[in-house]
Structure formats: structure tokens, C-alpha cells
Amino acid sequence: MFDDLSNYRPANPALWQGRMDTANQERFFQKITFIDNQNELMTKDKKTIFLGFASDAGIKRNLGRTGAKLGPDQIKTQLAKLPCHNNKHYVDLGNVVCENDELELSQSQFAQIVHFCHENGHQICAFGGGHEIAWAHYQGLSSLYPKLGVINFDAHFDLRPYKKGEFGNSGTPFSQIATYCEEKKMPFHYCCIGVQKFGNTPSLFEKAKELNVSYLSAEDLYEQSQAWQIAFLDDFILNLDHIYLTICLDVLAECYAPGVSAPQALGLSPWQIMPLLKYLIQSGKVVSLDIAELSPPLDSELKTARLAALIIAELLDTN
């Protein structure tokens, strides 16, 4: 058991409900199993593991609109109902829950679980929670994948000022990763897709330039061809062995994703990002994935939750 992790909560099977169409197991709720025992993960049977990071402490610290703590369970609820077009089976490992602003402790415990799963040959598909999940997720991967790059689909760079010893928030995860890489004398490989000019201050663009961040603006995705965009991604991933892929739902337009802390009036459409996401999965270099910033209390008719689940389902079905 993960008994020594105070903020770990086992999976809730009640979230995984759906329509029974046929005797065949054709929906996600019929392909899910539940594990909370470390020994069950020490097996040759490699799995895709769903793990939630139920936190909006980082959003609160970043002066955003809270509610994302409820995101992981809502994504699982919506994913459960969807048809599954592959023969894989999945594991819900539960959530790490941030209580009483214990963000650093929660991030550390989430990282421990991610590390343990990957060390035993499994892959993680994680659900946030605020984008503070990115620093937690990266910590769990970094020692296992030396030539690791980070690709973030996001309206924001999330490179707000951060110094070691300070408290991080949902706007600092990639600054924290950059600081970590500097300390470890490792290269900082970071690419951000969907950046909004008016979602980032000039100093953040300067910071991105200083750190040699590769990025495409939302405008680039509107104006440039898909072939041009894929060539850009190819250039970034060429010398990387592995990729940690993270999706912040505020990269999408408010009409598609109203249920986020910082909705974007000029955001992207789902079909502008899906081909790029699928291309990255098909590269074979993505070792871990998460989707962040769903805030159910801010959502409208479950639009954002259903879209988050659909994005995950599409990527799980991509080979």
C-alpha cells in the first residue's frame, strides 16, 4: 500500500459508470481496474495508469479562480462513459490530494508515485488539478529519463519568477523545472504551444528567450500550415529521447473550454491541437502525459470536462 503517503487516496470505483450497450467491453468503464498496492505494480504486465492530482492550491497562490481540485474525478467520470476503440486495459490508481495548502508535500508524493510506476515499466496518464501538476510530474520522471524534453500546450509560458526555497504556484512550474535543470547541470528542453500574446507579459517573453524556450503562438497555429507546425515539432524533438507532454485546457478557446481559471477568448479550437498531439504520441517519444486546469465549478454544461475526456480518449487510442 502507499500508506506512507499521507495525501494519497485510493481510487473510487463509483466514478466509473456508463451505458451497457452490448456484452462486449466497449467503453472505458468496462476496461478499468483498481490498484492501491505497490506489489501489484511490480509485474511484467505493463499498464497505462490514471493518476489524479487534486489540487488548486497553486491556482489560489497565483490569484486565480479555484475549483480545479475537483478536476481529476470529473475527468474520470466523463472518460468512463466513452467508447474505447482499442484492446488495452487501464488502471485507476486514485488521486494525490492537496489539503491545507500542503502543495509541496503533495507534489513530492505525486512525484514518488510517478517515479515508482515508471521504474516498473508503466506509463502515467495524469489528471489535474492546477498546472502545478507539471512540477510534480517532472520530478517523478527526471532521474529516469536523462534526455527528457517538456512540451506544454498552453496559453501561458508558466515561467513566472521563482527562486529556490520560495513557494511555487500554477504559474511557476516551468521556472521550477528550469531552476532544477540548472542545479543539476542538465539542459532545459521546453517547448510551449499556443502561447497568447496578451496572456503573458513582455518580461515573460524575455524570460522565455533567455531560457531558449521554443514556442508557437496561438496566432502561429491559425496562420501556419500543419506541415509547418509539424516541422517545428520535429526540430524540437530531434535530439530528445523522451517527452513529457502536458496539456493546459486554457490553450483552448472559451467557447470550448469555459471551465478553467483563465479562459481564452482568442484560444484555439480542439482540431487545431489534436493533429499535433497525435503526431507527438505517434513519435513514440512521449513517456508520460497529463491534462490540467479543469475546474468543474466554473464549467458550463460539462463542456470542458467532456472535452478533456475526449482529448485523453483520442490520445490513448493513438498508436
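All residue numbers here begin at 1 and follow the chain in the order shown.
Cβ from N, Cα, C; glycine included.
Features reported for this protein in Swiss-Prot:
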BINDING   His131, Asp154, Asp158, Cys248  Mn(2+) 1 binding site
BINDING   Asp154, His156, Cys248, Asp250  Mn(2+) 2 binding site
Next item on the list: Among the binding-site residues listed here (Asp154, Asp158, Asp250), identify the one with the smallest other-Cβ count within 10 Å.
Entry: Asp154
Check: Within 10 angstroms of the C-beta of Cys248 (Mn(2+) 1 binding site), what count of other C-beta atoms is obtained when all protein chains are considered?
Finding: 30
Notebook entry, point to check: Is Asp250 (Mn(2+) 2 binding site) helix, strand or coil when read with DSSP?
Noted result: helix
Next item on the list: Identify all same-chain residues not among Asp154, His156, Cys248, Asp250 whose C-beta atom falls within 8 angstroms of the centroid of the Mn(2+) 2 site's C-beta atoms; report them in sequence order.
Entry: His131, Asn152, Phe153, Ala155, Asp158, Gly194, Gly199, Leu249, Val251, Ala262, Ala292, Glu293
